[in-house]
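Visitor: Per Swiss-Prot, substrate binding site is recorded for 10-17, 23-24, Arg62, 89-92, Lys100, 116-117, 185-186, and the stated evidence type is sequence analysis. The annotation active site, tele-phosphohistidine intermediate is assigned in Swiss-Prot to His11. Summarising the annotation, Swiss-Prot assigns active site, proton donor/acceptor to Glu89 and lists sequence analysis as the type of evidence. The site 'Transition state stabilizer' feature in Swiss-Prot is assigned to His184; the stated evidence is sequence analysis.
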Amino acid sequence: MAVTKLVLVRHGESQWNNENRFTGWYDVDLSEKGVSEAKAAGKLLKDEGYSFDFAYTSVLKRAIHTLWNILDGLDQAWLPVEKSWKLNERHYGALQGLNKAETAEKYGDEQVKQWRRGFAVTPPALTKDDERYPGHDPRYAKLSEQELPLTESLALTIDRVIPYWNETILPRLKSGERVIIAAHGNSLRALVKYLDNMSEEEILELNIPTGVPLVYEFDENFKPIKHYYLGNADEIAAKAAAVANQGKAK
């Protein structure tokens, strides 16, 4: 049976991950640790014998630079890459820039967990005159006002990620190309929920660690057979737990 593999990677730790702040569409770069994570992911993929024909990422530099470091480690810096806002992190609205633990102290752990992980829960929205509104950013100049979020739930993130998967990424896999996607915690959670047919309750508890390759294997009908992380299982579990704890009061 022919098996098709897809590799997903959440960007390495960003400067705002390190500061425990809601990031969303804010274009913060990788921390030093994040660069190291991305380089380690590239080495791991190379050691495991992976190479690719095409790459996808968002229009945010923490994901773009993660992909650069991975491809550099694979000696595939030349690889064609498509960047799309549809793979951006979920937009966190008026929470963007706020410290997660301080926000939990103010509103309570459960409210922040719902904002971070609730399926259809949207954080407080931005207003269009807020400097954080994406309509002020030239990279989104070609988007319609209806496409520009003031806030997003995971459900709304799915509404942009899954059509992009079905219309753009999946056809490339079906043509036989080997694909890697470097994206974000919630855009990847959106895709994982769809691929694994997870319930709203199950996705609430899913935490994707930074900088760890996640491999999906598909059968000839492009249905997922299994998925697994590459690397040390204990280290990966610890990183996932750290993601879960970010939104708790200290």
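Every residue number used here counts from 1 along the chain in the order it is shown.
Placement of Cβ uses the backbone N, Cα and C atoms for every residue, glycine included.
Mind running through what each feature is packed against?
Guide: Cβ neighbour count for Glu13 (substrate binding site): 24 (other Cβ atoms within 10 Å of its Cβ, all protein chains included).
In the three-state DSSP assignment, the secondary structure recorded for His11 (active site, tele-phosphohistidine intermediate) is coil. Sequence-distant contacts of His11 (active site, tele-phosphohistidine intermediate), defined by Cβ-Cβ distance under 8 angstroms and a gap of at least six in the same chain, are Leu30, Gly34, Ala38, Arg62, Ala63, His65, Thr66, Ala182, Ala183, His184, Thr210, Gly211.
Packing around Glu89 (active site, proton donor/acceptor) is summarised by its Cβ count: 26 other Cβ atoms lie within 10 angstroms of its Cβ, all protein chains included. DSSP classifies Glu89 (active site, proton donor/acceptor) as coil under the three-state reduction.
DSSP assigns His184 (site 'Transition state stabilizer') to coil in the three-state reduction, placing it in neither a helix nor a strand.
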Visitor: To the nearest whole angstrom, what is the C-alpha distance linking Gly185 (substrate binding site) and Glu89 (active site, proton donor/acceptor)?
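Guide: About 7 Å separates the two Cα atoms.
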Visitor: Other than its own, how many Cβ atoms are within 10 Å of the Cβ belonging to Gly24 (substrate binding site)?
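Guide: Gly24 (substrate binding site) is surrounded by 27 other Cβ atoms within 10 Å.
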Visitor: Determine, from DSSP, whether Gly24 (substrate binding site) sits in helix, strand or coil.
Guide: coil
Visitor: Look at each of the recorded positions, Arg10, Arg90, Lys100, His184, and point out the one with the fewest other Cβ atoms around it within 10 Å.
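Guide: Fewest other Cβ atoms within 10 Å, among the recorded positions Arg10, Arg90, Lys100, His184, is found for Lys100.
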Visitor: Within 10 angstroms of the C-beta of Gly185 (substrate binding site), what count of other C-beta atoms is obtained when all protein chains are considered?
Guide: 21
